[in-house]
Each structure stands twice: as C-alpha cells, then as structure tokens.
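Enquirer: Per TrEMBL, the features are:
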DOMAIN    38-261  domain 'Radical SAM core'
BINDING   Cys52, Cys56, Cys59  [4Fe-4S] cluster binding site
BINDING   Ser129  (3R)-3-methyl-D-ornithine binding site
BINDING   Glu154, Arg174  S-adenosyl-L-methionine binding site
Amino acid sequence: MMTREELIGMLGAPFSDSETDRELFAEAVRVRNRAVGDQVYLRGLIELSNRCRKNCLYCGIRNGNSAAERYTLTDGQVLAAAEYAWRSGYGSVVIQAGERTDGVFVERIERLVRQIKTLSDGELGITLSLGEQERETYRRWFGAGAHRYLLRIEASSPELYARLHPADHRYEKRLECLGWLKEEGYQVGTGVMIGLPYQSVEDLADDLLFFRNLDIDMCGMGPYIEFPGTPLAEAPCAFARDERLRLALRMIALLRLLMPDINIASTTALHALHPQGRELGIAAGANVMMPNLTPAVVRANYKLYDNKPLQDMDLRGFNVALDSGWGDSRHFSVRTAGAPVSALREK
Ligand code: 5AD
Ligand code: SF4
C-alpha cells in the first residue's frame, strides 16, 4: 500500500523522468486489467444545458459570465441523443448540466429519466451530473431510474476549495451531498482538477487519499485549463500545460493502484491539452470514455474551459466495450455486498 510520502514522490518526480512514468502507467494498466478487465466502457454524454446558478471562479459557464451564450436542449433533443446512444449499443448515458434546483428543473429531469428508461426498454443506464441538490431530489431521480451520480469535489483541501470558489459555495455542503448520494443508493463518482493555481503535489496526494477514504465507485479528473475572462485565469499556476497533462496521467495511474476496481474516466480536458489525451488516459489506467452526444449546433456553447475539443475521439486500437451491460463499477458491487437488495440497482 502506498504511503502519502510515496504518492508525493511519484507526483513530484521531475517531468524529464519519462522512464518512471512509463513504468508507472504500465503497472496501472496491469492492475486495471487484472481487477476490471481490459475493456473500455463508453458513456454517451448529453450536455443538457449550460445555465448554472453557481459562480466557480475557474469555469467558463459560471453564472457571472454574461458573454456565455446560454442554451437548454429540448426534450426532443435529449431523447433523440439517448435513443441514438441506445441504438448504437452504448450501455449508458450521462446527463450533465450546470446547477439548477428549481422545481421545474427537478421535475423535468425526473420525467426525462423515466422517458429514457422507457425508450430503451429499461436497458440504458443513466448517470446524472447535475450538481448539489436536495436529498429529496436525489431520491426522486433515483426513483425515476438514475443509478449513478457524478459530483466532483474539485479540490479535497477545504482551504484550496475556498480559494477556487466564491464565499457562498460551501465545501461542507458538497461533502454532505456526496454522503446523501451514497445513502440513496447511487454509484458515486467524484474527482478533482489537476494543476490548479495554489495547488501543490501534496494537495494532489491528499486528493487520492480522499478518494480512498470516501470509498468512491468512480472518478473523473482532468487537468485545469484557464478560461480567459474568468477570475482564476489570471492567477499564477505552478505547472505549465504539458506538465498538467503528465500530472493528470500520474493521478490516473496512482488512483488505479490505490483503488484497482473502480471506474476511472479518461476526460475531455485531457484531450484539450493533447490530441491523443484521452487515449493516453486509457494507457495510464483509465477504463471509461464519454463520447459527446450533445447536438452539434449547441456543443460549442458548453465551454467550461478554453479549447474544449468538439470532435470525437479515435477509438481504433482500443478494446472498447459496446455491450448492452451498464459497465457498472465493480467496486460498487463489492462495497454493497450484503446490503438490502431493495436499496440497490445494478446490472
Ligand atoms: N478547467 C478544467 N476543468 C474545468 N471544469 C470546470 N471548469 C474547468 C476548467 N477551467 C470541470 C469541473 C467540473 C466539470 C464539469 O468541469 O471540474 O466539475
Ligand atoms: Fe456551474 Fe459546474 Fe461551472 Fe461551477 S463548474 S460554474 S457548478 S457548471
């Protein structure tokens, strides 16, 4: 088992030391293949809306960015994307949007989840990534058929979290939401940004230990990329962009060693920094990719960071799983073994 000091040592190794990285990534791939197999699962990503009530200091679609052109997909567009995913053999879709908590929104999501379940004869798995909500809302969406939820902690250090968010965004609230999601029966995913201003390799090592302590089922993390005009964009960053890419790959590999049986996504932000970024993520131990199914007409508006790639990835050379299973986190079945079946949903 790796200690905090060992993690710090690996994360802080000189970037000129590519041999150590090669060995680390190869070991992570071996561990992944033993624990969860060598297939890569696909999730169809549907970016429902870029309207958001929050004001995270790094984000291109923060509420305060009046230059962002706002959109919300129609029900027809969402259902068409989900139907496309189902007909193309994807096991599941991810519905992502900026944070909204009004009753109209909550009801709409509940309805869409039910409709996606119906159109796919119950076969499409549904992951939600819709921010902090009331516990009752999480319960309703789970009741409608969603079974996984992604809510990044963004930075597991409360001090760092506070420097990345306005004062009314609360770290404790986010933790509380992660706890509720687990208690409501979801497979829970979280993650952080890598290479942030004010962030050290010690912080990143602590992020990895945070994931293990929280006993998460899934993780999505990617390099931080400045979005011009956001408050954080001017803050000095300890790591150049190519260093953030390497750091992100090290984080993926080390997390795979720490938690062999979880699902780890190779994220779009990796691709924004390198044309083969997501492929490199898989080669460092990730096992999930999320091709974007958002209709092309609005895709350019879902800009969390600069230079977000709009085209999809090249999956040749990967053992990509396009089976009808949901590609559940193996960790989830292990963690919940013995729990009352009524509280769980897996396939
Ligand atoms: N750089 C990288 N990732 C970002 N996100 C938001 N803004 C940025 C940025 N500038 C990430 C956050 C959020 C996810 C949807 O996108 O981690 O949780
Ligand atoms: Fe909203 Fe998420 Fe961007 Fe924060 S990171 S402003 S919650 S979309």
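Heads up, residue numbers simply count up from 1 along the chain you see.
Backbone N, Cα and C define each Cβ position, glycine as well.
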Enquirer: Using Cβ-Cβ distances, find the residues under 8 Å from Cys52 ([4Fe-4S] cluster binding site) that belong to the same chain and are at least 6 apart in sequence, listing them in sequence order.
Expert: Cys59, Ile61, Arg62, Asn63, Ala97, Gly98, Glu99, Arg100, Gly131
Enquirer: Grab the pLDDT values for the domain 'Radical SAM core' (38-261) and give me their mean, rounded.
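Expert: 96, rounded to a whole number.
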Enquirer: Report, in whole Å, the straight Cα-to-Cα distance of Glu154 (S-adenosyl-L-methionine binding site) from Cys56 ([4Fe-4S] cluster binding site).
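Expert: Glu154 (S-adenosyl-L-methionine binding site) has its Cα 10 Å from the Cα of Cys56 ([4Fe-4S] cluster binding site).
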Enquirer: Round to a whole number and give the Cα-to-Cα distance in Å for the pair the residue listed as '(3R)-3-methyl-D-ornithine binding site' and Arg174 (S-adenosyl-L-methionine binding site).
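Expert: About 13 Å separates the two Cα atoms.
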Enquirer: Of Cys52, Cys59, Ser129, Arg174, which binding-site residues come close to ligand 1, meaning Cβ under 6 Å from one of its atoms?
Expert: Cys59
Enquirer: For the binding-site residues Ser129, Glu154, Arg174, which residues place their CB under 6 A from an atom of ligand 2?
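Expert: Near the molecule: none at all.
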Enquirer: Taking the center of the Cβ atoms of Cys52, Cys56, Cys59 at the recorded [4Fe-4S] cluster site, which other residues in this chain have a Cβ no more than 8 Å from that point?
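Expert: Along the chain, the qualifying residues are Lys54, Asn55, Tyr58, Gly60, Ile61, Arg62, Asn63, Gly98, Glu99, Leu304.
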Enquirer: Output, ordered by sequence, the same-chain residues six or more apart from Arg174 (S-adenosyl-L-methionine binding site) with a CB under 8 Å from its CB, or 'none'.
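Expert: For Arg174 (S-adenosyl-L-methionine binding site), the qualifying residues are Glu132, Leu151, Ile153, Glu154, Tyr161.
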Enquirer: Return one of helix, strand or coil for Arg174 (S-adenosyl-L-methionine binding site), based on DSSP.
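Expert: Going by the DSSP assignment, Arg174 (S-adenosyl-L-methionine binding site) falls within a helical segment, counted as helix.
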Enquirer: Including all protein chains displayed, how many Cβ atoms other than that of Ser129 ((3R)-3-methyl-D-ornithine binding site) lie within 10 Å of its Cβ?
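Expert: Other Cβ atoms found within 10 Å: 20.
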